[in-house]
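Novice: Have a look at this one before I ask anything.
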Amino acid sequence: MSRFPAVAGRAPRRQEEGERSRDLQEERPSAVCIADREEKGCTSQEGGTTPTFPIQKQRKKIIQAVRDNSFLIVTGNTGSGKTTQLPKYLYEAGFSQHGMIGVTQPRKVAAISVAQRVAEEMKCTLGSKVGYQVRFDDCSSKETAIKYMTDGCLLKHILGDPNLTKFSVIILDEAHERTLTTDILFGLLKKLFQEKSPNRKEHLKVVVMSATMELAKLSAFFGNCPIFDIPGRLYPVREKFCNLIGPRDRENTAYIQAIVKVTMDIHLNEMAGDILVFLTGQFEIEKSCELLFQMAESVDYDYDVQDTTLDGLLILPCYGSMTTDQQRRIFLPPPPGIRKCVISTNISATSLTIDGIRYVVDGGFVKQLNHNPRLGLDILEVVPISKSEALQRSGRAGRTASGKCFRIYSKDFWNQCMPDHVIPEIKRTSLTSVVLTLKCLAIHDVIRFPYLDPPNERLILEALKQLYQCDAIDRSGHVTRLGLSMVEFPLPPHLTCAVIKAASLDCEDLLLPIAAMLSVENVFIRPVDPEYQKEAEQRHRELAAKAGGFNDFATLAVIFEQCKSSGAPASWCQKHWIHWRCLFSAFRVEAQLRELIRKLKQQSDFPRETFEGPKHEVLRRCLCAGYFKNVARRSVGRTFCTMDGRGSPVHIHPSSALHEQETKLEWIVFHEVLVTTKVYARIVCPIRYEWVRDLLPKLHEFNAHDLSSVARREVREDARRRWTNKENVKQLKDGISKDVLKKMQRRNDDKSISDARARFLERKQQRTQDHSDTRKETG
């Protein structure tokens, strides 16, 4: 199990005192050290205390700027106080009298932690005057005046209240991250003001906040709105390129040892000050924590450390799936004589401000979701960060004093491999969910929606195609009754389809735990230590065996049910090497999904179906109903080919219970793909062809022009030909033609399969006969 946070150092007495000190601090409901705030803070009108920020000198001016403009762009260095102080200023200026002040964040961790911090500064209980809402967790009330939320939650608000009548101010924070949902919110808010709806509040204000972005472009998009710059420089940060990664290493992200070495060198050779290390994800972070702890334990603090005031190193991981209490620890000051080292994902680059950081180690990579046109799927990839992200990271070292940033890559890597700015998510990921949302908002022409950066038309057409395959839209591109139901679920469309199919068969109990487990981080703990690794793998195999050993989806359901029914779920998770925090989140998700299904089944026109068969077959049939795009057929040996027209080869992931049984399988359905040395299918179960026989043809029925809902009167014949040519070119690029499609369909029907089996048996019988004749001749 993970031992972190942990202190590595000399003098057990000193270490134990430090741990007791930290435990006492954790008993306080605080995200920052209250004593530290009071020492250097100032008093707000609410009677609380807040740190000193550059924005405080601009308080009156920025309040007036919000009053005078429908749209306002606010920019300033990270740590200038935009996120925590501006909503408070607007509240104290009376803006909340006309509705809530809504503040969006791209990540749920940031939304929760910032809400906690502001609630403390305003001396109120979290969920009362200050609250938050993230997916599956709403900590707000009728009393809430300042509401922090993920951008996805605001999009859900707009579905139920297109004119945002419950809000007086909308603040879109961290706009420079260019998440898919934030870009859609840009367009919706612009459209709301352009249409001048009689139901829209005249006093609604929109503030877009960004640390680094193309501000002139954003201002032009919002009608040349003013840009309010918060002056205030950071302390100087000295940068050093460590030259451990060059342009040739772009695809090689096995750099953990280098990161740990640089971090340890800082601890041994630099004066007091905390360290912030940037890595890409949970596995890398936990592995680095283990390696760093082992190295720090061997340090002789009498001879090895230049700063004689140091007695140890406090190692703290930080990533999205951690519990709120675990995340809170990174904000607390370390015990006396202890240096703090936070090893984090990109969340600490912009969304969270950690006091005391003097040294930053920039790993140079980030996990990013990219659409793979060959596979037709979104793939989570490790890619080089942009130059603007790198500057954000280094800025963390100059918040409270001068600092240093150690970039493990070379200057050539900076120049050749790192783009200037973040590529907007809308230009590189699937648009299926947001296109469905736009359709449900009666925005039918999604191609000519006001995008800040228009996405590739192919991504839009791919989204329309998938929605049509799920029956969320009809042949004309209009949203169906099923589509209106699907948009209520905070799940991907294909998973929502599977859940609704199960509900129609009155067996949602089979699917809801699985849907909940697929909505949280990976629940399996895979330790770095080889001895613990073997034990964990054995426990995981035992859990898979209880599910029949032949269905990864069912394994997730077994884990959910067994943990929930155990008397001590946290202990059960520890014994079976399962992340308890992920299971705890899954329990909450399942309860909310169950409530959505309950309301859906109360509708008089909800479809009802019957099926008589074993539970395991019902489960797999429901999965086929939603995941038929992710169906694959065995090709050669252990390789499977997808049936979506691309024929992409995939392999079953080694973590699957079916990994050693590929040659026994003919047809599978999978949850997602992972690209490493091969393209792997993750979370797999076997299926029968007859379960998807009637579904697979839908993968090839697609009329781009009709589904796009472009107004017919505005489209001439040459435009129609353009749509048709695009589809023909796409099919040629994918290596598939109409003749091939027909052959595939013929190949997969019952008669073809029966004929192929007969030919195989005939050849086998002929070979046996020939072999027998040969033996007679030689005998």
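Note: Cβ is positioned from N, Cα and C throughout, glycine not excepted.
The ATP binding site annotation in Swiss-Prot covers GLY76, ASN77, THR78, GLY79, SER80, GLY81, LYS82, THR83 and is backed by sequence analysis. The feature compositional bias 'Basic and acidic residues' is assigned by Swiss-Prot to 13-41. Taken from Swiss-Prot, the feature compositional bias 'Polar residues' applies to 42-53. Swiss-Prot lists 63-231 with the feature domain 'Helicase ATP-binding'. Swiss-Prot lists 263-442 with the feature domain 'Helicase C-terminal', giving sequence analysis as the kind of evidence. According to Swiss-Prot, the region 'Disordered' annotation covers 1-53, 737-779. Summarising the annotation, Swiss-Prot assigns motif 'DEAH box' to 173-176.
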Novice: Helix, strand or coil: which one is THR83 (ATP binding site) in, per DSSP?
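Specialist: It is helical.
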Novice: Can you check which residues sit near GLY76 (ATP binding site), meaning Cβ under 8 Å from its Cβ, same chain, 6 or more apart in sequence, and list them in order?
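Specialist: Long-range Cβ contacts: PRO54, ILE55, LYS82, ALA211, ASP229, ILE230, PRO231, GLY232.
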Novice: Is GLY76 (ATP binding site) helix, strand or coil when read with DSSP?
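Specialist: Assignment for GLY76 (ATP binding site) reads strand.
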Novice: Are there any residues at least 6 positions away along the chain from GLY79 (ATP binding site) with a Cβ closer than 8 Å to its Cβ? List them or say none.
Specialist: PHE53, LEU234, THR353, GLY395, ARG399
Novice: Around the ATP site formed by GLY76, ASN77, THR78, GLY79, SER80, GLY81, LYS82, THR83, list the extra residues of the same chain whose Cβ is within 8 Å of the site's Cβ centroid.
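Specialist: These residues sit around the ATP site: PHE53, PRO54, ILE55, ALA211, ILE230, GLY232, THR353.
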Novice: Summarise the motif 'DEAH box' (173-176) by DSSP state, stating how many residues are helix, strand and coil.
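Specialist: Looking at the motif 'DEAH box' (173-176) with DSSP, the answer is 2 helix, 0 strand, 2 coil.
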Novice: Out of ASN77, SER80, which of these binding-site residues shows the lowest number of other CB atoms within 10 Å of its CB?
Specialist: ASN77
